[in-house]
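Only one structure is covered here, and it is reproduced in the block below.
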Amino acid sequence: MRAFDSRRLALLAGLVTLAVVLPFMLSGSTLTTATFVVIGAIAATGLNVLTGYCGQISLGHAFFLAVGAYTGAKLGQDKDLSALIWIPAAGLIAAVFGAIVGPMALRVKGLYLAIITLGVVFIGQHVWANADGLTGGPQGRTFPAVQLGGFDFSPGKQLVVGSVTIDSTGLYYYLALLLLAGATLFAYSLRGSRGGRAMIAVREREAAALVMGVDVGRTKVAAFVISAALAGVSGALYGSFLSFAQPEQWSLLLSIQYIAAIIIGGLGTTAGPLLGSIVIFALPSLLKSLPFLPEEGTGGVSVGTLSTIVYGLLIVAFLVAEPRGLVGLGARARTLVKNRTRTSPVSPHLPEEALT
Amino acid sequence: MSSSKSLSTAAVLVATLSLAACGTGDATTADSGGGSAPASGGIKGGPGIDVAAKTIRIGDISALSGPVAVLGEPLSAGRRAYFKQLNASGGIDGWKIKLTTKDSGYQPQQHVQQYTAVSKEIAILNSLGSPTTKAIQAQIDRDKLVTFPASFDSIWGADPQMAPIGTPYSYDLANLLDYYVASVSKKPKIGLIYANDEYGADGRRGYDAAQESLGFEDVGQLSYKTGDTDFTGQVQKLKSAGAEGVVLVTTPSATGPIVGTAASLGFTPQWLLQGPAFLEQLITKDGSSGAKATPVAAALKGALVTSFAAPWGAKDVDGMADMIAAHDKYTPDQPPSIYYTVAYAQGKVQAELLRKAIAAGDLSRAGLLTAKENLGEVDLDGLTSNPTFTPEGGPPSTKSLITQIDPGVEGFLKPLEPAHGSKAADGLEIPES
Amino acid sequence: MTEFLQLAFQGFSLGCTYALIGLGFVVIFRASNVLNFAQGAMLLVGAYLISWLAVDVGVPFLVAVLVAASLLTLGGAGFQAVVLRRVTGQPPFVIAMITIGAGIALVAGVEAIWGPEQRLLGDPWGSSSFQVGGVTIGWVKLWGIVVTAVAVAGYFAFDRYTRSGLAIRAIAGDEEATLSVGVPVRRMHAITWGLAGALATLGGLFLAGFPGAPQPTLGDAALRAFPAIVLGGLTSPVGAVIGGVVIGIVEVMTSGYAPDWTGANFYAVAPYIVMIAVLLVRPYGLLGRAPAERL
């Protein structure tokens, strides 16, 4: 493991402070967006373990989000249990499904795996649409607000700490931030661990990993289980924050957004899932408020359509310019700065975490 | 080292949260919030109300991109045209309307984000769609915001904050079947094709109620999914079952292929279309009269439709001339659509509501809600069926406008009966959501 | 029996469209290991171009199809040459992600230009049809089958008898070795994208034909073709065609005959269930081949 130098530490401290004070700097709608970003980043962190560390591409993430969301709804609303129970349970049940789907990766590889997990999403949607008792059927169902001891996250509730007031959106934000911090720490320490190194070995060359004595099957299934568990937790929070969802929503598009987030953030990196989630989940609403776009509803081409075009083109342009993602971009900037400050040219190096 | 640092940061955060307070409390809703205190002319203000400038801001969260834009665009355009026309004619007692339009792309997540962006600065909200509006319903109830859903799901009748207009899908379908069964000599065999979503489910409620009350033979209820391209299976099943009437609780992108497939299989039942199954573009190229006909136009001729708005350009509808004038002046590029008419009519209801609230001197959210609950019947000059608002809630209207598709007339819909009611519809209950 | 034959015909016709779409996927994947998620958007653009040329510009329908196909061929090849060439050698999912971004922009672009309403295709067949032993044969369906057959035959002739076809097969076998014997690999990649563009135009044409219509969600059908290409194997053109036809028939047959206990709309997932079952038995599809792996 690499030791943190003081600059990195300062940066980390700055980021954490920023994340904590953010709700006081943002307007209501931007805070809502930020909350969706943080909730999304939890699931992205999970997918990053599977795809970034272990090299297994899954388009099935939406399925595990749905499993988590419906577990939360069943236990939190129908059985009226505390969020202390249903949030971990959502992760647990999703992990069980991860263990069921995971072994497929033992037979099927690469883009074939991507497509087979895409099949899981479609089959999942079929089940959700027909399991009326659990999901409300095609009409959808409501999801419970988080209840944590004395804390009630329903809309209209608020927490007053001295002179500071945190509304229900803020509460969701902090809860999601805590869980994201936990997930990130876990993923970070996983990479240095034996299991994490096994995953990276599987990613780099499966046959070689096998020769080195890595239990490839167990490693892949473990990655699926971790990825699904984090997706489940994220899905439970997502459903709860959204308060209502239909089976249609757990779609391939949702899965693609998570893949996009980790690729754009930087595959296999620690900060990648969060950075990518910011781009993927916040950009569409930010783009709609670009100054040069006409105001919505004044006729002509809709701003939503224009911003979607820009969104698509940005993904293309960005990945062409920097296929290693935002973290890669950061590395490039650092190299640039170093080259300028030192007299002798330094060969550009990547942070060891970045995937080449 | 690093882990312990972050852990301790997290611990500090938890500690702050849990030590400083033992729990959450109710937010003190500053009901008259939004800036202006009760002032000039004795009118009490509220969010979205500028008493000094005499303006009222109305919100519209619509779908202007993505697959539902085909409905969202005419809805938002009709609303815009109505309020521009209203402002140009002096507004409501000198009060002018400002409209804020937002695009959610019909995605619940975006809808929630747009709602939080506008909710504090508007007096009334228009919200497109069932799943999207359900995602913000809890917040609407908390904010005490009077909301007009652009969705005819019957569940809205159960929420006091909601001001739906039009007849709910289930009532419409029961009325349509009642009309059809009465028009044929013996009990017909009827089948149903429905979209597998909440719209289809509400239609099914009406179908089942009508079947029980009218006693026709139900030969099959078949569903399809958004994005399907081939409907031969469903059509073939109903053809083999000998259906004489086929009800479509579908969207236009499925109506066309279903009717077209049936026609090419030589299956020509009496088509019974739930309102949203119809769209002017099913008949001609751009939905205007005289334009090039589509390949399914001939097969759709004679179909019965429960239109939720008067056909475009209908001469005998009192309110039509004003609307067409507004369309030609303010939104000339918008193709004709019954959705445009619905939104225009909703605008009229909102203007009536505001007029009542201004007369009562209370434009706060509580004042607007009181005005809505006591609005009674609003005369929409035949554009849609007149809604009735009472403190008890319930469906705003239980009667249906029965029309027949006729490519030869303006708007392609020939009115058959303006307000058809039925025992089956009267027996329906508002489902708990 | 008539009912069965009718469903079989409709399934076969739908399957031909899937075959066209699937072949578009395979052509690219075989040469460059790229899964083109923009295929659906490309067929949407193809259908709209045809509709625009035939209805608004007013050129004869055949000309509209040829011009649209040429434009998409150029567009596909151009996209490869200008954009994808810069990311050669990057992991396949990064490139797949780029195609997803391009697809998102294309679909929104179609909406921005032509609006969200459905349009007329401007084809000469419309709803016309004829009967054979009680089975209705729509002219547009029949032409779909004929054109698919011609396009597939044309592709295989290209693959077998032209230098480019040979070069592409060689690249599919071993790219580095092919490069070392002087084959312009990059140009070949651009050619495969051009071919995919032309195939997408034809797929879009028949998807938007009666009883359908050009509308913004048309491209979603490409997702339904995924099971088809996987069934046959991502690297096998023959597999894509067979897979397409099989999946089309499975979809329509299950919509006609699936028992109630399978739930509403079982036909929409039936192709995926077939796909997963096949992949678990044969991980590279029925006709695909496993890449050689060095230790």
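Including glycine, each Cβ sits where the backbone N, Cα and C put it.
Quick look at what TrEMBL lists:
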- C:12-29: transmembrane segment (TRANSMEM)
- C:36-55: transmembrane segment (TRANSMEM)
- C:61-84: transmembrane segment (TRANSMEM)
- C:93-114: transmembrane segment (TRANSMEM)
- C:134-158: transmembrane segment (TRANSMEM)
- C:190-213: transmembrane segment (TRANSMEM)
- C:225-252: transmembrane segment (TRANSMEM)
- C:264-285: transmembrane segment (TRANSMEM)
Best-contacting stretch, by C-beta pairs under 8 Å, relative to the transmembrane segment (C:134-158) and drawn from C:93-114, C:225-252, C:264-285:
C:225-252
Under 8 Å, at least 3 Cβ pairs, sequence separation 6 or more: does that hold for the transmembrane segment (C:93-114) versus the transmembrane segment (C:61-84)?
yes
Short question: which residues 6 or more past the ends of the transmembrane segment (C:36-55) have a Cβ under 8 Å from it?
21, 24-25, 28-29, 61, 63-65, 67-69, 71-72, 75-76, 96, 99-100, 102-104, 106-107, 110, 113-114, 119-123, 193, 196-197, 200-205, 207-208, 214, 216, 218-223, 225
Seg_contact(the transmembrane segment (C:190-213), the transmembrane segment (C:61-84)) with at least 3 CB pairs under 8 angstroms, min sep 6:
yes
Who are the chain neighbours of the transmembrane segment (C:12-29) in space, where the CB to CB distance is under 8 Å and they lie at least 6 residues beyond its ends?
35-36, 39-40, 42-43, 138, 141-142, 144-145, 148-149, 151-152, 155, 192-193, 195-196, 199-200, 202-203, 206-207, 221-222, 224-225, 228-229, 232, 234-237, 239-241, 243-249, 251-252
